[in-house]
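All remarks here apply to the structure that follows.
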Amino acid sequence: MNQQIRILASLMVASALASCLLASPASRMMAGHPLSKRSFFDIQCKGVYDKSIFARLDRICEDCYNLFREAQLHSLCRRDCFTSDYFKGCIDVLLLQDEMENIQTWIKQLHGADPKL
């Protein structure tokens with residue numbers, strides 16, 4: 001089941017790429033996204049705020065956005081304190097499975113609970 005979710009998330013990311021290629025240049029812009037404590041709470045993080053860890057996880061979402069240039073991908077990746085299927089798909093697409101133990105530890109600190117990755 002977990003593997004199916006990851007495959008689905010990867011397909012959704014690939015679908016976002018296809019729609020991005022067909023989109024107009026104006027729709028490819030991403031709004032600024034601060035790494036403030038407020039944005040930490042806005043994405044439902046309930047753990048301990050650590051700006052450097054938050055920046056590392058946000059960078060994964062930013063790299064995924066830069067790869068596909070789909071405007072909503074960055075916020076979907078960060079949703080639910082980096083525990084969304086989009087985040088998992090980005091980890092797979094960016095080939096970061098080797099760093100999964102560190103990523104889970106970081107998410108656990110920010111999320112305040114064990115991430116279901």
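Every residue gets a Cβ built from N, Cα and C, even glycine.
Marked as signal peptide by TrEMBL: 1-18.
A coil conformation is recorded for Cys45 (disulfide bond) in the three-state DSSP classification, outside any helix or strand. Residues within less than 8 Å, Cβ to Cβ, of Cys45 (disulfide bond) and separated from it by at least 6 positions along the same chain comprise Phe54, Cys81, Leu110, His111, Gly112. Residues or ranges marked as disulfide bond in TrEMBL: Cys45-Cys81 (among others).
If you take the C-beta of Cys77 (disulfide bond) and look for same-chain residues 6 or more apart in sequence within under 8 angstroms, you find Ile60, Cys61, Cys64, Tyr65, Ser84, Tyr86, Phe87, Cys90. Residues or ranges marked as disulfide bond by TrEMBL: Cys61-Cys77 (among others).
Under the heading disulfide bond, TrEMBL lists Cys64-Cys90 (among others). According to DSSP, Cys90 (disulfide bond) sits within a helical segment.
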Per DSSP, three-state class assigned to Cys81 (disulfide bond): helix
